[in-house]
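The feature active site is assigned by TrEMBL to 134, 454. Positions annotated as UDP-alpha-D-glucose binding site by TrEMBL: 105, 134. The Mn(2+) binding site annotation in TrEMBL covers 268, 292. TrEMBL lists 22-40, 46-67 with the feature transmembrane segment.
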Ligand SMILES: O=c1ccn([C@@H]2O[C@H](COP(=O)(O)OP(=O)(O)O[C@H]3O[C@H](CO)[C@@H](O)[C@H](O)[C@H]3O)[C@@H](O)[C@H]2O)c(=O)[nH]1
Ligand SMILES: [Mn+2]
């Protein structure tokens, strides 16, 4: 019998280069010499010299943080072909898509993301797709209903023809691959599918233009006007894989959590926690994939690759979550606003995989459900009733399902026994008062209190001692949209950088997680380099203002070249 290592699921390949390290050390010594020179000559100079010293000291500090992050780069190789040899049955996965506004995030975008997930290469009876709609918009709901009809021909078409990108808008924006044209009848199928997709798109866009006439069901059970701020919780099964078969289409469930004007909703983190609970009482898969509504699956094997990284280690603690790097589709050429983070992905992205693992980036990530439930790696969990209720809230169904997860049950199919009772329980856990007095948003679930809930949630997970793993694939696992104009990029960067700064001083600070928790020191420095992003603007601005100031004040912050030192 072969040993398990004969079929590794993943390989870790360090790619550190000595040359790069020598270059870093050379730069470090130059920086130190510059600072020493400034310091020693400070008494002979005025304020500009002191300001230059402070700015350069700060730049050196940030430079050190960055070098720390990229010092030990690692790449991962994954072998999905070995999965069947290593485990008998694949685990189940709940897939979450969040959307918040049918105008800013048109339903056709969400529909494409959902279709790319429904058609993913993974047994369909092990998948369930949940869409959270924070606007509770009938437009989004109806678009998904139409999409589920379309999926009945789209998913078999993708499987039969080994389609690469399974978001139809991207697939049909290109000509079919020449290799596919060789198979008889392909072109006819392709044209038919393309026509059907066009019809779907037109129908959805037409409904959007027509505006308010839609309501949730055929009967007028709900105000037709969109009310984003106040609505009851709505959970609807759009499609159920009743036959529970591998080559069917995964369950598709629409979720709009309850919203009331005076109750905090905690933005995306709140939506993710509702999805976690709703899926907990319906399918309760041990793994959860989450994507933004605009990040479609670009590599149909992405879940299989992620599974290699989740199942391929001796110890679970090595992979609390698996994060695909955030890559973008249709972004501006050469990334003029720098919001595609191309360099950071290649440097810190690979470097952190050599430490405790990549940050959680909010999209393109597969979590272990028990990690989100606050379990420590290989740790004991108190299963006492009062403890469970304090943490997870009062729903009996949720407490039972959470127990299963924390005890390590590995669920492999997602057949639904009693639809109506699980929908009832789901509506209950999606209410806006459910979390009061519980640990949701703190010890359990996605962390509240910051506009960058993702980084903060990842930090909490690393702080408990879990590692994470980078899943960098070719073609990339998911592709999202980056803002394509200056103002939108600035708004996004301002939101991120302020959110990240709040974290340093809050109770979820990486410093505290290192001192009192299990966050490793060098990983803490990686978090710090991200968290102090907003502060970098001050010394940068100051340093940029020094030359004009010195010209105007007829002084200098740079050493003067003396006659003797000039080269002739
Ligand atoms: O109240 C809200 C607000 C947002 N969202 C969803 O959250 C996702 C991300 O929001 P978006 O406004 O697109 O933010 P971005 O700046 O593009 O998102 C990046 O930054 C966020 C905060 O760090 C992360 O959560 C995201 O995953 C990451 O892609 C989208 O799917 C939204 O629909 C909600 O569901 N409810
Ligand atoms: Mn976005």
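Placed from the backbone N, Cα and C atoms, the Cβ positions cover glycine too.
Separating the Cα atoms of residue 134 (active site) and residue 268 (Mn(2+) binding site) is a whole-number distance of 9 Å. When the recorded positions 105, 134, 268, 292, 454 are checked against ligand 2, 292 have a Cβ within less than 6 Å of one of its atoms. Here the Cα atom of residue 268 (Mn(2+) binding site) is found 14 Å from that of residue 105 (UDP-alpha-D-glucose binding site). Listed in sequence order, 99, 293, 294 are the same-chain residues six or more apart from residue 105 (UDP-alpha-D-glucose binding site) with CB atoms under 8 A from its CB.
Comparing residue 454 (active site) with residue 292 (Mn(2+) binding site), their Cα atoms are 12 Å apart once rounded. A 10 Å cutoff on Cβ-Cβ distances gives residue 268 (Mn(2+) binding site) a total of 21 other Cβ atoms nearby, all chains included. DSSP gives residue 454 (active site) a helix state. DSSP classifies residue 268 (Mn(2+) binding site) as helix under the three-state reduction. Using a 10 Å Cβ-Cβ cutoff, residue 292 (Mn(2+) binding site) registers 24 neighbours.
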